[in-house]
Amino acid sequence: TTFQDGGEEVEEGAVYNVTLKKVQIQQAANKGARWLGGEGDQLPPEHTVRQYETSKIRAIKAGTLEKLVENLLTAFGDADFSYISIFLSTYRAFASTKAVLELLLDRFGNLETSSHGEVANLNSFESEVVLRAEIASVLRAWLDQCSEDFREPPDHTCLLKLLDYLKNNMPNSDMESKVQNLLKQFQNQETETVDGFCTTSSSDLVDGEELEISNPEEFSSFQDHVVAEQLTYMDVMLFKKVVPYHCLGSIWSQRDKKENKNLAPTVRATITQFNTVTKCVVSTILGTKELKIQQRAKIIEKWIHIAYECRILKNFSSLRAIISALQSNSIYRLKTTWMCVSKDILLMYEELSEIFSDHDNYLTSRELLMKEATSKFANLDSSEKENQKKSQKRLQLQKNKGVMQGTVPYLGTFLTDLIMLDTALQDYVEGGLINFEKRRREFEVIAQIKLLQSSCNSYCLIPDQKFIQWFRSQRHLTEEESYKLSREVEAAADTNILCPKSQKSMVKRISTLFLGTDVITPPKEHPLKSSPLGGSSGESTDSASVSSCEFNHSETEDACVTPISSPEDPLKKGSIGSDKGSGSNKCSIFDKGSGSDKCSVFDKASGPNSGPVSDKSSGSMTCSTSKVLPVYNRQNGGACIIRVSMDGINDSVYKSILITNQDRIPDVTQRALLKHNLEPDAVEDYELVQVISEDKELVFPRDANVFYGMNSHVNFDFILRKKA
């Protein structure tokens, strides 16, 4: 089978990519070979005759909403077999369920054989049968793949409309029964909530009542594999409930608006769980001041072992949460405690941290995730012999039990990719047509999420109520509290003391953890002195440190993870991290929430596809054209992504903005104001400034070309400031 680019076809309201597919349908002996009595499949190529068939594949590239909905009924005829799945997974970015359903049923689903009351002829009858089958196929796929689209408590208007349609046009069908059952299911459930296994927040406590940090002995009583299994159980339950379209960049990036406080609840629940694990690690290590150094080191060792057990269970979410917590400033600075951690366990910690190296856009974690997505067991390669022996022993035990595992990903990777795609690709193309090529690209990420959700059905984990009760009853320390306790436990750290490996790789993107394009920088009044985000694009940091951030118990979506950055091998030249916090990596949050006293970093790495990429989505058979996506901190093909914050208003929040080599100051200023939900008419009142370093700025003249005028050797961080 060979494919050939057939160019484009343009119709009213739609543009199609055309691919010509050439398939061999027959091979027979030629005339001379037949005279000799030979068979085609037994002869060399020169003695055979081949027959080929060429078919045309049309894949819609852009169109009006009406055309995109109509294409649901014709995609199979055009051999665009993945179109229905792509549309159903992404249409919420440009249309509502009500709008799509009305078009599908009222305009294209009218099964009346004649609008004038005439007697139907044979052709119209056959057309009705075909149309009925096409409508049924689309509706069945919709109900199977995206039933949550119809959850609209308390009225469930769209589901009732669909039920009425089926009663009139497909009475007593299996689909009608399915819709009735779904309606009953929704009506019997309370207003949609997500069981997030969250800890009690401070707002839930009665005045004067406080949750207590549990006795370290209680935590130590739980076996490492039991803790890992229970964390995995919670993560699996939440990840399976994630509604994929909630992850779309155009939806997730709108979560900080007041009217969207309940937007994407399934993603928020996953974020809350990640944050809770991180806070639990910090609290168990620092919560009891009376612990001796060796006892505190044992707790750190226990968490490293738990992280390793999470790795065996292929739970990358809790694994990353634990590693991030251990690299937070308040834990990382405990130099004397870390010196008491055994060398073998430090090596294990380093190997686990290496999984999340930010090298080449987190290539290690991405490859590992896809490699193990549908595998039965983890692929544990360790450079340390003792760890390797332990790994093989644990895996063999699992294999003997016949236990299979799914894979729980770190959701932030997918959220980041979808945010980047949303920023880099336009929603509409020439003529006001919806850019469906963008949706095909987004579906490639959504399909990975769905694949991993499916793999999670392989887990066979039983909840341990004793552990879950302990986990939910923990009182978590704020960042200020944990920093203060850390200072009380150990005095200011000496940066020349040996330390565990602090991964430079460990999450420069942690702001986008569950982020979006929003990035929050540390408050200036924080006790830890911190430098500007990043450093120059070609530099590495020379000190291991992070700034701390404020936890807000009333905002369960706010995460604070404080990764450390150090280029040195800690077992040779590293340091435990000083109290000054002079490094370039900052602590991050997943969601901005309502407070401003939080800190975060945006990813310095490139976007989801920093090299040449194909527009051809998996299985869509569209014509492939190579192009380069704009990314952050790099100018590609006359475009790039910059981050803009508002000075004095939302100076702690960044928004990602796509600029091209044609954009001048007024254009960029207007887009920045829109992104920050401010009036775009006030362009003349603001000036755009690029942050060069702590004490240097580049101020742009009014009509300057931003792309050519900016300093491309430092981070693409800008401030929009009111003119004096």
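A Cβ is built for glycine as well, from the same backbone N, Cα and C atoms used for every other residue.
Here's what TrEMBL has on this protein:
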- 56-187: domain 'N-terminal Ras-GEF' (DOMAIN)
- 223-492: domain 'Ras-GEF' (DOMAIN)
- 524-584: region 'Disordered' (REGION)
- 530-540: compositional bias 'Low complexity' (COMPBIAS)
- 541-551: compositional bias 'Polar residues' (COMPBIAS)
- 573-584: compositional bias 'Low complexity' (COMPBIAS)
- 638-724: domain 'Ras-associating' (DOMAIN)
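In the predicted model, the domain 'Ras-GEF' (223-492) shows an average pLDDT of 87. Residues in the domain 'Ras-associating' (638-724) partition by DSSP class (helix H, G, I; strand E, B; coil) as 21 helix, 36 strand, 30 coil.
For the domain 'N-terminal Ras-GEF' (56-187), residue counts in helix, strand and coil come to 87 helix, 8 strand, 37 coil, using DSSP.
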